[in-house]
Each structure stands twice: as structure tokens, then as C-alpha cells.
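Q: The active site, acyl-thioester intermediate annotation in Swiss-Prot covers C141 and is backed by sequence analysis. Taken from Swiss-Prot, the feature active site, proton acceptor applies to H233, supported by sequence analysis. For E235, the entry in Swiss-Prot reads active site. The substrate binding site annotation in Swiss-Prot covers K162, S190, R247. Positions annotated as site 'Important for acyl-CoA specificity' by Swiss-Prot, on the basis of sequence analysis: E108, L142. Residues or ranges marked as site 'Important for substrate specificity' by Swiss-Prot: S190.
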Amino acid sequence: MLDHGTPIQPVSLPAAELDLGAVGGIAWPEPVQRRLRVGLLNNMPDSALVQTERQFRRLIGPGVELRLFSLDTVPRGPLARAHLDRFYETQGALAGAGLDALVVTGAEPKAERLADEPFFPALAAVVDWADASGVPTLFSCLAAHAAVLHLDGIERRPLPTKHSGIYACTAVAHHPLLAGMPASVPVPHSRWNDLPEQALTARGYRVLRRSEQVGVDLFVRERGASMVFLQGHPEYDGDTLAREYRRDIGRFLDGERDTPPALPENYYVDEAVLRLDAFAAVARAYRSPALHADFPTMAETLPRPAAWQEAAAGLFRNWLALVSDRVALAA
């Protein structure tokens, strides 16, 4: 059966209050300084809202106070709105929250131009606040695109085909964010747009990690407030790309998109690739919503082990160590 993604479920605690312990068997050290307070501005669509909370909670680790924030201009259904009303604060509360750092997630794009998205003005205001306040901020995927567009007028460019899969990303600079990490690490990417590396470096951004296949992965701003930008998704669970693929092929069957999606690259085990390729051929030939029932199950189409999670945890540990050092210097 086709899985359209995990809907929001009522929970007794938000991800901000869960202690998820280790990531991929990695034990988190005790905080070096006082307990940090980190904000998560979650702009993901309803179907991924709670999952995204948990993913970033896992990477931020225990011993950190996580505060949840949302933009009023991201469209929400009633169940998601109830969750936000219970566990989240609005964008207006950011300034008085006493944050040591902020993570800003991506969002599901709807408009052809990023500046035309209904949430763009509010997101731009958050970028301005982070820049003026000096709060270290990490921007993920679409949020990274929005930030550099607002700060420096760097337009993202549409890709001929979607970058979807696990890609080897190689360090191209020395930086504390990469301390203790291998020179090349796997990173999930899932995006229809790209930031040109030349445009970033011309405006003073420093690329730290890139891929021969998908371009810039990780970069930082060299002036002003501390800002980190990710085009990839190190926070992803092992099955996230699988769920995105199932969602997109479902949209093809339902006539919501013109072409079927390509399989995520370097992601599925060989047997799963054969099963999914066979189904995609049937879907192209006999496109119909009735084919939802014939889609191979998740158990029949296993992805490879989530080899990126150790490096993802290392990146966030290094980022939080830099935040902790900044807090100690300001004390």
C-alpha cells in the first residue's frame, strides 16, 4: 500500500521535552557550559511537523533546552494548528526568549519564485533579527536559500531534475564545524533548486563542504552574525527519503504531477531498486489512482543503513560547542 507520510498524531510531549539519548549509538557528552537554550523555528508542512521536531531534537541532543517557534504565515490544518497552539511560540516571541542559538528549518515550496511564498516576508524578518541580535543561526535547505536571497540577493536556480539521495560530500576548507570528522561524509539531499557556488563565494560566504554530484552542501557567512547554512538534510531519519518518494509517486498516480519521480540515488538496497523500478514502469504505462494498492510496502523496499547520522551528530556537536564557547566568553 502506498504510504502518503505519517500524519500528525496527538502526543503527550513535544520533541522539545523528549530526552532521546544517543544518536546512532553515539553517547552525548555532558554540556561544557551552562545549559544552552536553542530555538527551533519549524516551517515544515503539517505531515512532517512533528517528525522534524524529533529529528532536530535528536541532533541537538540532551542537556539543551529546546524552544519551539512557528511562523503564522505557513498554512496549517486544524490538527497541526492545535499542536502549535499547545507547544509552540510565535515568531514574535523570539526576541524575548533569551536564545543562545536558533535553527530554522526549510518549508514545502509552492510558488515559482521564493520571494513570492506567503511566508517569505516573515522569514526575512527572522533573518534580520538573527543578523541584528548576533544569535548564532543555522538555516536548513529552503531557509538557507531564503536567507541568502534576503541578505545578499543570491537567487537560487531551478534544477533540471531533483537532487534526491545520499551523496558523498567532501570538506574543502578547515573549520571548527568539521573538527574530528572524515574528509568525506554521506549526506541526504532532497531539493529542486541550487545555490551557485560562485555567487556565494563572490559575496563573502565560505563553502566548507561540497559534492561533485550536487554542489554545495555546507557553507558559512564570514561577516556579521554567525550563520551556518545547509543545502542538505543531515537531520533526516533513515526512512525519510523513502517516504518522500512514496509521496511523490502517489502524486503522479493521482495526476498531481506530470512525471514520476526518480528513485533516490545511493539509497535503496538492490532488491528494493528492482521492485520499485518495476512498479514505476507499471505506473508510467497504466497511470491510475487504483495503483496505490499495488505499491510495494516499506518492508519490501528497505533503504540502506543511515550511514550519515554519525557525521550529522558530529556537525551539530561542533556547532553547539562553538555556541557554548560564545556564551562562556559573554558571561
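Cβ coordinates are placed from backbone N, Cα and C, and glycine is handled just like the others.
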Q: Is any of the recorded positions K162, S190, H233, E235, R247 within 10 Å of the residue listed as 'active site, acyl-thioester intermediate' (Cα-Cα), and if so, which, in sequence order?
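A: Cα filter at 10 Å returns S190, H233.
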Q: For L142 (site 'Important for acyl-CoA specificity'), which of these recorded positions sit within 10 Å, Cα to Cα: K162, E235, R247?
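A: If one measures from the Cα of L142 (site 'Important for acyl-CoA specificity'), no recorded positions come within 10 Å, so the answer is none.
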Q: For the recorded positions listed here, E108, E235, which shows the highest count of neighbouring CB atoms within 10 A?
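A: Checking each of E108, E235, the winner is E235.
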Q: Just to verify: the residue among H233, R247 with the fewest other Cβ atoms within 10 Å, which of the recorded positions is it?
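A: Per-residue Cβ counts within 10 Å for the recorded positions H233, R247 bottom out at R247.
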Q: For the recorded substrate site formed by K162, S190, R247, which further same-chain residues have Cβ atoms within 8 Å of the site's Cβ center?
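A: In sequence order, the nearby non-listed residues are S164, R191, L241, E244, Y245, D248, P261, P264.
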Q: Could you work out which of the recorded positions (C141, L142, K162) has its C-beta surrounded by the smallest number of other C-beta atoms within 10 A?
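A: Selected from the recorded positions C141, L142, K162 on minimum Cβ neighbours within 10 Å: K162.
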Q: Whole-number answer please: how many Å between the C-alpha atoms of the residue listed as 'active site, proton acceptor' and S190 (substrate binding site)?
A: 7
Q: Under a three-state reading of DSSP, tell me whether S190 (substrate binding site) is helix, strand or coil.
A: strand
Q: For L142 (site 'Important for acyl-CoA specificity'), which of the three DSSP-derived states applies: helix, strand, or coil?
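A: DSSP call for L142 (site 'Important for acyl-CoA specificity'): helix.
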Q: Let me check the 10 A CB neighbour count of S190 (substrate binding site). How many other CB atoms are there?
A: 19
Q: Going by Cα-Cα distance, pick out whichever of the recorded positions E108, K162, S190, R247 is nearest to E235 (active site).
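A: Going through E108, K162, S190, R247 one by one, the Cα closest to that of E235 (active site) is S190.
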Q: May I ask for the distance between K162 (substrate binding site) and E108 (site 'Important for acyl-CoA specificity'), taken between their Cα atoms and rounded to an integer number of Å?
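A: Answer for this pair: 14 Å between alpha carbons.
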